[in-house]
Amino acid sequence: MSLETATIRRSATTGFAARTFATYGQEFIILACIVVLFVAVGLIAPRFVSPTNLTTIFVGNAYIAVAAIGMSMVIISGHIDVSVGSLIGVLATISGTLAVSGYPVWFAWLAPVVVGMVVTSFIGVLVAYVRIPSIVVTLGMLSILKGGLISVTGGAWITNLPPDYLIAQFRLFGIPSPVWFMIILTGLAAMFMRYTAFGRSIYAIGGNGEAARVAGIPVERTTVMIFAIHGLFAGIAAVLFATQLQVIQSTVPPNLELTVITASVVGGVSILGGTGTVVGSTLAAILFAAIGSSLIFLNVSAYWLRAVQGLLILATVLADMARRHRIG
Amino acid sequence: MKTKTILMAAGLVLASSAAYAASWTGGDDLPTNPLACDGTAGEVAAKPYDGGVPTNAPDRNGKKITVVDVPKLIGVGYFSATTKGQAEAAKELGNVDVKTDGPTKANIDEQITFIDNYVTSGVDGILFAANDPVAIAPVLKKALAAGINVVGYDANSTPDARQWFVNQAEFNGVAKSLVDNLAKEIGEDSAFAIVTSTFTTPNQARWIAEMAAYAAKCHPKLEFLETVEAQEDNVLSFNQATTLINKHGDKLKGIVGMTSVATPAAAEAVTQSGLCGKVAVVGLATPNAMKPYVEKDCVKSVVLWNPVDLGYAAMYVLRAAADGTLKPGDTSVKAGKLGDLKVVNGSEILLGAPFVFDKSNIGQFDF
């Protein structure tokens with residue numbers, strides 16, 4: 001009962017429309033931004049909305065959207081993972097190494113997912129049972145993974161990947177597989193978050209951990225499982241990342257964790273925990289990809305992308321705080 | 001309030017597009033020195049010798065010498081190749097005993113320790129490729145003070161900490177090689193774009209500025225469309241190169257990659273867009289990353305330098321310095337099969353024009 005109140009309390013006194021907007025308002029705004037951006041840039045540079053460029057936009061950042069699903073769950077539960085960029089770099093290297101060492105491709109796809117879950121579960125245990133703040137644990141993990149990757153690979157690239165390993169280059173009904181992964185995983189995660197008891201307990205823990213405990217939610221175990229699910233998505237993102245090109249650069253992609261966290265936050269996930277959806281984070285990842293592409297079409301320096309990302313973060317965090325003040 | 005803020009941010013992007021309607025080139029504003037179109041040597045302003053001198057060095061002329069080579073790190077293809085070149089030169093010279101020893105990762109502290117140990121144990125010559133130009137200087141000066149001949153290659157120290165530095169390629173030489181190969185592949189009346197790391201990366205900006213100057217001088221009809229940034233990220237480089245193809249369509253005939261990350265990613269973008277043979281990719285890259293594309297005829301020329309020749313030249317320069325046949329103020333040095341190499345910029349020896357890897361030779365290199 002108190003679990004229900006924790007999630008619904010906010011909207012109980014308002015009408016259906018307001019309640020829908022309170023849940024999905026951010027998604028509508030991001031969607032509107034995407035539409036406005038496509039129409040505006042499309043009018044200036046028609047090739048921007050050509051099918052090939054739309055494919056580039058959706059495919060190129062699908063792995064970020066997938067990683068942002070797991071990240072959103074972690075942030076909604078009141079934690080954070082700043083090591084996810086390094087983790088994806090390490091998992092991509094593991095996957096590629098297995099693929100070129102002659103292991104079957106399904107094994108090279110599965111291993112990073114399993115290893116990802118093991119690593120993030122370990123983070124989850126330290127956070128939930130040892131009670132170290134997640135930012136501290138993952139900052140440590142960031143150094144371990146980044147340093148370990150450089151020491152082990154010496155920065156050498158992985159080449160000669162087998163063609164049937166390159167799953168991100170497959171197409172189904174003419175649509176590249178990363179887009180399918182992004183849509184299906186977002187849909188499944190959104191339903192999981194909304195309609196399962198476990199999904200709702202993620203919100204409950206992030207909203208008020210003590211209330212969740214009183215309501216009978218095993219907070220520690222659930223936290224570890226949230227991190228494990230986050231590792232699952234990081235693993236899938238790593239496979240998409242690794243199989244997009246014919247070479248894997250054995251380094252950590254610059255600023256990847258920041259991009260993933262930004263997608264979650266701009267997508268409406270409250271940095272203070274308790275609210276947000278994975279649909280929002282996926283839309284935000286698409287918005288970033290579209291902004292990045294539009295900068296080239298409009299002959300604007302790519303430096304603006306970071307400035308715009310920063311503005312969007314500030315705007316959403318301020319809006320989130322304002323909303324909480326109004327309600328709290 | 002939230003809607004307004006986000007829409008304002010979106011508006012800002014559109015507004016800034018009006019302000020920056022001109023394409024970005026990515027070059028710096030420093031003066032350029034484009035080489036002659038026909039391959040004759042460029043004008044080099046004479047500069048007095050600015051290297052160091054060993055203190056009370058014994059007469060080593062013609063005598064057998066022991067040399068240690070301390071590269072940035074060992075165990076990678078690039079420095080295995082320079083080691084091979086040194087061994088080749090030592091064998092030809094007949095009076096040099098050379099060995100390579102160094103850290104297993106590119107770490108300046110470890111590199112200093114290695115050099116320090118060899119200075120203490122006593123060698124006649126030190127070859128190095130610095131992990132840090134300033135931090136390595138004191139230990140090299142210690143070597144000079146102990147009468148040891150010191151020559152750098154690949155990555156320089158401050159000039160006064162060594163006698164000579166073998167420079168693999170000058171900015172204007174790399175620019176000429178890239179633009180000439182590009183023009184040869186796409187024709188004089190074509191348009192090209194560049195994928196670089198960031199506009200503020202010094203090396204890349206310098207190369208781009210020299211490319212623009214050389215293209216304007218020697219290939220005036222080539223149209224330089226724009227430069228896009230992709231950091232050192234291969235998936236981003238791929239996305240940016242693909243976006244260039246989407247944006248310019250048939251107009252775009254060539255993409256130049258300015259980093260060893262951007263060039264293979266651009267080749268991959270051309271491959272996945274099904275444009276091999278229609279859009280040429282030329283760039284700075286290492287052979288291993290480019291082999292798949294060169295072997296499939298999607299990429300014809302990869303520009304870099306030959307690390308075997310670099311090690312070979314460094315060994316000859318060190319021998320000449322030890323013999324006293326290469327003295328401050330000289331303008332060239334003999335380097336075996338490479339012929340006479342020019343002295344440039346005070347105390348640097350130029351390896352020569354950059355090396356072009358193509359289908360005929362790329363299989364011989366592993367780095």
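Every residue gets a Cβ built from N, Cα and C, even glycine.
All TrEMBL annotations are machine predictions without curation.
Here is what TrEMBL records for this protein:
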type: TRANSMEM; residues: A:28-49; note: transmembrane segment
type: TRANSMEM; residues: A:55-75; note: transmembrane segment
type: TRANSMEM; residues: A:82-100; note: transmembrane segment
type: TRANSMEM; residues: A:106-129; note: transmembrane segment
type: TRANSMEM; residues: A:136-159; note: transmembrane segment
type: TRANSMEM; residues: A:179-203; note: transmembrane segment
type: TRANSMEM; residues: A:224-243; note: transmembrane segment
type: TRANSMEM; residues: A:255-272; note: transmembrane segment
type: TRANSMEM; residues: A:279-297; note: transmembrane segment
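Counting Cβ pairs closer than 8 Å and at least 6 residues apart in sequence, the transmembrane segment (A:255-272) and the transmembrane segment (A:279-297) reach three or more and so form a contact.
The transmembrane segment (A:179-203) shares the most Cβ pairs under 8 Å with A:224-243, out of the stretches A:28-49, A:82-100, A:106-129, A:224-243. When each of A:55-75, A:82-100, A:106-129, A:279-297 is scored by its Cβ pairs under 8 Å to the transmembrane segment (A:28-49), the top-ranked stretch turns out to be A:279-297.
Of the candidate ranges A:82-100, A:106-129, A:279-297, A:106-129 contributes the most Cβ pairs within a distance under 8 Å of the transmembrane segment (A:224-243). Here the transmembrane segment (A:55-75) does not lie next to the transmembrane segment (A:106-129) in space: the count of CB pairs under 8 Å, restricted to residues six or more apart, is fewer than 3. Below 8 angstroms of C-beta separation, residues 79, 81, 83, 87, 91-92, 94-96, 98-99, 137-138, 141, 145, 165, 167, 219-221, 223-228, 230-232, 234-236, 238-239, 242 of the same chain, each at least six residues beyond the ends of the transmembrane segment (A:106-129), sit close to that stretch.
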